[in-house]
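Taken from TrEMBL as is:
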type	residues	note
BINDING	Gly10, Gly12, Lys13, Thr15, Arg103, Lys142	ATP binding site
REGION	30-50	region 'NMP'
REGION	102-112	region 'LID'
Amino acid sequence: MSIVITGNPGVGKHTVAEKIAHRLGLPIIDINKIAKESGLFEENKDVNDIDTEKLKKILVGKISDNFLIVGHLAPYVLDKSQVKIVIVLRRSPYDLITVYKNRKYSDKKIKDNTGSEILGIIAHDAINRFEEKTVQIDMTGKTIEENEENVISIISTNKRNENVDWLDLVTKNNDLQKFFSD
Ligand SMILES: Nc1ncnc2c1ncn2[C@@H]1O[C@H](COP(=O)(O)OP(=O)(O)O)[C@@H](O)[C@H]1O
Ligand SMILES: [Mg+2]
């Protein structure tokens, strides 16, 4: 069964996945790449417009073995029986703004994605789908090496879920307007 790394864009999925794949000797399956190769999203179209039912079927044919599966769509295209553990990477929305600005995301896309992280939508959907196989980990303020060690230790012990609540932080900072107004 496969190990899954998911979470919002910019949380550090690919950075960590490259290292983990190397250390554990697992081939990476990049969900977005497969979606692209299968012609499921066109240029300029948002990745969220993708046909997840089709993608789910395509993935069934590809993941009969042990892989490291990476992608923010994981909770919508995989089933519990296909996975050993699902690691949801979390990252402060304040740090994500910087990542998104570097990626030249539009203001709307920045708000959509930071809003999704603050509300914990992918974590929520992962827990719904994969139940006790889901583990969250907060990447904020740690080095890439520390994050890598955390992920490795989660995979080997199957434990150490972190409770992540950005809503509390954002509310305390009086920043709800900043993230959620038009
Ligand atoms: N632990 C970390 N500390 C600081 N920056 C990081 C860390 N991990 C990743 N990054 C940076 O954050 C950005 C997003 O990482 P990336 O792996 O592309 O995320 P994702 O695949 O989830 O979109 C990259 O610029 C990467 O270099
Ligand atoms: Mg990525």
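Every residue gets a Cβ built from N, Cα and C, even glycine.
Whatever TrEMBL says is automated annotation, not expert-curated.
Where TrEMBL records a feature, it is marked here on the structure.
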residue : record           : Cβ contacts under 8 Å, 6 or more apart
Gly10   : ATP binding site : Arg91, Leu96, Val99, Tyr100, Arg103, Asn113
Gly12   : ATP binding site : Leu89, Arg91, Met139, Ile144, Asn147
Lys13   : ATP binding site : Ile5, Thr6, Gly7, Val70, Gly71, His72, Leu89
Thr15   : ATP binding site : Ile144, Asn147
Lys142  : ATP binding site : Asn150
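Thr15 (ATP binding site) falls within a helical segment according to DSSP.
Break the region 'LID' (102-112) down by DSSP state and the numbers are 7 helix, 0 strand, 4 coil. As a whole number, the greatest separation of Cα atoms within the ATP-binding residue list Gly10, Gly12, Lys13, Thr15, Arg103, Lys142 is 21 Å. Lys142 (ATP binding site) falls within neither a helix nor a strand when secondary structure is assigned with DSSP, and so counts as coil. When pLDDT values are averaged over the region 'LID' (102-112), the model yields 96.
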